[in-house]
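Q: Handing you a structure now.
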């Protein structure tokens, strides 16, 4: 147990990183668009997420919405840029793989704190958990970096008329989901590094069967 304090920290960091990954995936504030035509987009600001777009409108532009209008991306639509589709798939993978990493770490810690001294029931699961954490972090890093690149180059999206969105903004900036994703990446990579650093104590090898 005394040799696993760093792995306990890894579990805590991995848990927070996985939660932040899940939060960023559900947020709509990935790309913040500033538009000059406020006829429909009343506030002049629209939010482009990886699942939908939203903006505030004082017009009744859609049944069920009086102020905020949101339109989800349905299936594969040709106008949606590749970085958004990549974010959808990679963040789902990251959420699943990160959960496997947490499960592997929990199993190893449970064995340690219950006094089970079999190396094969501890070390491999810490290593597997570490690889899962790092893989999950990379799966978050790619869409976060790609979408941030698109924001910095003010890339446009050819929305169809039903979205009530212009094809390009006057300016755009990174939304809150991107820094949340960056923090998730840092925590997951740190967690993976700490998990991979585990070394089974030499004294315990004498108890192995």
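Yeah, the Cβs are placed from backbone N, Cα and C, and that goes for glycine too.
So TrEMBL says this about it:
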- 6-28: transmembrane segment (TRANSMEM)
- 40-59: transmembrane segment (TRANSMEM)
- 84-109: transmembrane segment (TRANSMEM)
- 121-146: transmembrane segment (TRANSMEM)
- 176-200: transmembrane segment (TRANSMEM)
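For each listed feature, how buried is it and what is near it?
A: Among residues of the same chain six or more beyond the transmembrane segment (176-200), those with a C-beta under 8 A of the stretch's C-beta atoms are 3-4, 6-7, 9-11, 13-14, 16-18, 20-21, 23-24, 27-30, 49, 94, 98, 101, 105, 108, 119, 122-123, 126-127, 129-137, 140-141, 143-144, 147-148, 151.
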Q: Using a Cβ cut-off of under 8 Å, list the residues of the same chain at least 6 residues beyond the transmembrane segment (40-59) that approach it.
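A: Result: 25-34, 65, 67-73, 84, 87-88, 91, 143, 147, 157, 159, 163-165, 169, 175, 177.
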